[in-house]
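J.: Annotations for this protein, taken from TrEMBL, read as follows:
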| type | residues | note |
| --- | --- | --- |
| DOMAIN | 147-214 | domain 'HMG box' |
| DNA_BIND | 147-214 | DNA-binding region |
| REGION | 241-277 | region 'Disordered' |
| COMPBIAS | 258-269 | compositional bias 'Low complexity' |
Amino acid sequence: MMFGSLRKLTRDISCCSLSCARLSTGCCSPAANAFNLFVKTKYGELKQTDPSLKSNEIFRKLGEEYRKLTSKQKEELKSHESPIASQMDVSLADKRKRLMVRIRFLCSKIRRSRVRLVKYKSCLAILIPSPFFPNFVQYAHKHGMPRKPPISGLNVYIREKLCDLKGQSITKVATKLRDAVQNWKSLSPSEQATYGLKAQQLKAAYEKELEAWASEHDLRFTRNLHLLTTRFYERCASHKRAEAKRNELGTPDKSTRSKLLSPSSSPKRVIPTSTSN
C-alpha cells in the first residue's frame with residue numbers, strides 16, 4: 001500500500017509539473033486571436049440562453065456572429081489591452097499558481113511518506129522473525145567478528161568517560177554524556193589530537209582483526225560490513241543445508257570419508273611375484 005501511494009503521488013507530481021510547464025510556455029492554451037477571444041466571452045452566454053444547444057451548434061452560431069463583426073471590432077478583440085485578453089492572462093496565472101501550490105503539497109507529502117516507509121521497514125526488521133530479516137552483523141558478532149571501534153577522538157574520549165556506567169539509569173548516562181561533551185570542548189587542540197591519534201590506531205587494529213577473521217572463515221575481504229557479513233551468513237547457511245542433506249541421505253561428511261579412505265584403513269594391494277622355473 002505504501003509503495004502504491006508513493007507511485008500515485010509521483011504520478012500526480014509529474015502531471016502537475018507537465019501542466020505547469022505547458023502553461024508557462026503557452027503550448028496548451030489556444031493562441032489569443034480575435035476568434036478565440038470572441039468564443040471565450042460568448043460561449044457561456046449562448047449556452048445559458050439555450051441549454052439544449054450542442055457544442056457544434058454553438059460554435060456554428062458563434063462563427064456566424066463573428067463573420068458579422070467589423071474589422072475594427074476584431075482588432076479590438078485581438079489587442080492585448082482588451083479586457084478579454086487580460087482576463088485570460090489572469091486566469092492562466094491563477095491556474096499556474098494553483099498548480100505550483102499543488103506541486104509543493106505533493107512534494108511534502110512524498111517526503112513524509114518516505115520517512116514513514118523507512119520507519120515501517122525498521123519496525124518490520126525488529127518484529128518479523130530473523131529467518132525472514134536476519135541481522136547479518138549481529139550474527140557475525142556472535143561468531144567472533146570484531147566490533148567496530150570509536151571512529152573519532154570525541155568518541156574515544158566519551159567511551160573512556162562512560163565505560164563505568166553500564167547498568168545505570170538513562171538519566172544519569174545522559175547527564176554524564178552531556179558533561180563529557182562539554183569537557184571535550186574545553187580540551188586543548190593538542191589533547192584532542194591525542195585522542196584522534198588513538199582513534200586512528202584503534203581503526204588500524206580493527207581492520208587487521210577483521211581481515212584475519214575473514215581469512216579464517218575463507219571469505220573474500222571487503223571493508224563493506226554489510227557485504228562481508230552477508231557473505232558469512234550465506235556461507236554458514238549453505239554449510240547447514242549441505243549438512244542437513246547429508247544427514248537426510250545418510251552419507252558421511254568429508255572428515256568421515258577421509259578417514260575411510262586413509263591408507264591405514266584401506267586394504268593393502270598384494271602384488272604377485274613371478275616364480276622362476
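Backbone N, Cα and C define each Cβ position, glycine as well.
Bear in mind that the values here come from a model prediction, so they are computed numbers and not experimental data.
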J.: Would you report the average pLDDT that the model assigns to the domain 'HMG box' (147-214)?
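T.: Looking only at the domain 'HMG box' (147-214), pLDDT averages out to 88.
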J.: Could you tell me how many residues in the DNA-binding region (147-214) are helical, how many are strand and how many are coil under DSSP?
T.: 52 helix, 0 strand, 16 coil
